[in-house]
Every structure is written in C-alpha cells, then in structure tokens.
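**Student:** This is the structure, below, for whatever I ask next.
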Amino acid sequence: MIQTSLQSLSGKRIVLGIGGGIAAYKCADLSRRLIERGAQIRVVMTHAAKKFITPLTMQAVSGHPVLKSLLDLGAETAMDHIEIAKWADFVLLAPATADLIARIAAGMGNDLLTTIYLATDAPVAFAPGMNQQMYRAIATQENIATLSRRGHPIWGPASGKQACGDIGIGRMLEPLQLVALIENYFIDTDLSGLSLLITAGPTREAIDPVRYLSNHSSGKMGYAIAEAASKRGARVTLVSGPVNLPTPANVNRINVQSAEEMHVVVQQHAGVHQIFVACAAVADFKPATMANQKMKKKDGHDEITLSLTKNPDILASVAAMTDNRPFTVGFAAETQDVEQYARDKLAKKNLNLICANDVSQQEQGCDSDQNTLHLYWPNGDKILPLASKVNIGHQLVGEIVLLFHGDK
Ligand code: C5P
C-alpha cells in the first residue's frame, strides 16, 4: 500500500456510493486517495454507475468486491445491506446524480445504495455531479434543499466545462477536494473539550551573554503533536524552546529559552490542562553561574572548566503533582537498551505513558523529519513504525486519547 505523509483517515470505514454519471470515472482515483490516507473502503454502485466505470476497476482499487445489487445472494451473504450500513463510519455518494438525489430525497429503497442510506446512522455526504441544466432544474434544487434540511453535507458541485460540452455548474468536485472535506469532517471537533500542554524544542542554558549550552532538537515532533491535537479540536498550549518553526493554527505558543523558564511556565499551566506531553529536549544541566560579561580568552590558559548544576526535571515535577495532576506523557531518547531505560523511566517518573525513540538510528530522532516510537504504558506497549513526524504526531495523539479515556 502507498503511504502518504499523513494517515489522516486511519481506520475510518467509508462507503463510497457511486451514481451513474460520467464523473464516476474519478471514483477510482478518489478510492485510491482515501486508502492512501488509511481509510477502509467499500464500494457500492448503482446499476447505471456500472456503465461508466467497471466494478472490476473499483474492486481492484478498493481491494474488495463491489456491492452492486440488493438481491445478489452471493454478495449479500458476504456483507448484506444492513451490515454494511452499520459498518460505515461515513458514506459519500459521488457522483450524486439527479436521479440518485431524487430517490434518496423521496425516501425510496429500491436498490442497494438507497437501502444503505435508509439503514445507516453514519453521516452521509453528497457530491453532486450532473449536467448543469439538470442541476439547476427546480426538482433537483428542491431535492437538494431537502437533503440539506436533513443535515447532510452537500459538497459542490463546481462550475466549468462539462463532459456533454455545456459550461456551467454541475461538475463533481475533484477527488482531492473531496478527500480534504472528509478529512475535515473527521478532524473537526472530536477532541473539543480536551486540553493539552506540550513542551517542545531544545532549551538554551546561558554560559555568558552570548554563549549557551543546547542540543540538536528541532522541535518538529512536539509541534506535530500540537498540530495534530489542535486540528482535532483540542485546546493546545505549546511551551516552546527556541526553534525555527511556524506556530500551528489555533495553538497558544509560549516561548521560553532555558529549562528554568520552561519549568515556571509549565507549572503555571499544568493544573489547568488534562494532558501533559513533555516532548522538549530539556538540558539536564546548566552552568552553575552565568557570567555577566562575555568570557574572554586568557593567554596561557588552554583549558577552562565550566561548572554545571542540575536543572529541574519538569516532567517528573508534573507527574508528582497531587492536585489536578494531568495525564502525563514523557519521551525517552535512548541510544541503547531502549526498552529497559524507557520502562525504568515510566516507573521512576510515575508516568502514564512513555514514548521511546532510538536516536542511534540515523533516519529518526532529534533533527530528522521522520520518527519511529515505541510506546510503553504500565500494562502494554505499541510500536509506531517509521513515518513522518506529522504522521507519528497524529497516531500518537490517537493513542494518548485512548489511554486517557481508559479505552486500552
Ligand atoms: O530523564 P530523561 O531526560 O531522559 O527524560 C526525558 C523526558 O523528560 C522527556 O520527556 C523530557 O521532555 C523530560 N525532561 C524534563 N525536564 C528535564 C529533563 C527531561 O521535562 N529537566
């Protein structure tokens, strides 16, 4: 299977209902794009749709036999119309032709697709596709208004040149536009009401006014988690060390430099967030004293000694909170005995979850765009295999939310 950078529809079960219009040919691409994003697809075709694209094509791209007849005994024993109606997380009718829209608006159940519509409680969206005159017909407009009143999203149609030669409104939206609309539908608000406090990036520990101790953390992993959670409607506060990244949309970003500053800000906010994710690469030590002036080289001194003192452990301090302690997630960047160190840290710091990554591997870790994580929690573990940090961010938010709700 092709992997996109973002499995935004991971595990989502989508019924793609194809009506009999010329835009049906776009459904092969649409299906492929949905699968690339992690969706499971079942294709249902009307009788007329089969004239525009073959069930064999749709079977090949969706990986499953196409369901095309209400009374097809063979197909019905595999998954009947009631089962498929219950299976669906989402139903998209594309192209929704004038005829299909009319039959559904009238509440008919005279083929497999209309029956599934009646039997499902999943959201059903329509992507109209038809000749511009048919679209503008009063009957069609009234039927679409009926579907709208029932709360169905109506996506499109677009305007432009039509297969029949006409120019006007009636073109089905392009596959990528429909995919984006489905993605938005799912990521809209399912985490609204949830709040996350996330630390990201490195810290800088001042040696003198111009020098500091730091590390190679890019902040990309923490920013990806912040973006994924925010996109799903969560309230996100991001406490960020110095990084070169844009602030994700709708995220409240608080910039800090040192571990000390990060600690203060986290303490201010931890009690009013439900989940704390410590993704920052906090410097364990800082110079014991910061020189007021730039330190000078001295003739005859080939060595200097820098005395370091321990920084506060921000993660451990949150995990030790007694009042309003958030669900606490830590990271463990290790170069050896990853599981051993991660499990020790989980227990020692009293965490709910630890995300271990093996930074001895070149293609993952601090400054890379990719990552793989091994998650450990008190009674389980899970590997998130190598993928972009954006993708890992989405998967990780999903896992955190399941554990937070006690579903694992
Ligand atoms: O113990 P270690 O530094 O390996 O732990 C890493 C985890 O602890 C990360 O989640 C990091 O953000 C957090 N941490 C912290 N404050 C420190 C050191 C690490 O919050 N001073």
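Note: Cβ is positioned from N, Cα and C throughout, glycine not excepted.
Automatic, uncurated: that is what TrEMBL annotation is.
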**Student:** Among PHE327, PHE331, indicate the single residue that TrEMBL lists for the CTP site containing ASP284, LYS294, PRO312, ASP313, ILE314, LEU315, LYS345, LYS349.
**Tutor:** PHE331
**Student:** Return only the integer: C-alpha distance in Å from LYS349 (CTP binding site) to CYS164 (active site, proton donor).
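**Tutor:** Just about 67 Å between their Cα atoms.
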**Student:** What does the structure give for the C-alpha distance between PRO312 (CTP binding site) and CYS164 (active site, proton donor)? Integer Å is fine.
**Tutor:** 70
**Student:** For ligand 1, which among the recorded positions CYS164, ILE314, PHE331, LYS349 have a CB under 6 Å from it?
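**Tutor:** ILE314, PHE331, in sequence order.
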**Student:** So if I measure Cβ to Cβ from CYS164 (active site, proton donor) and keep only same-chain residues at least 6 apart in sequence, which ones fall under 8 Å?
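**Tutor:** When sequence neighbours closer than 6 are ignored, CYS164 (active site, proton donor) has ILE22, ASN131 within Cβ distance under 8 Å.
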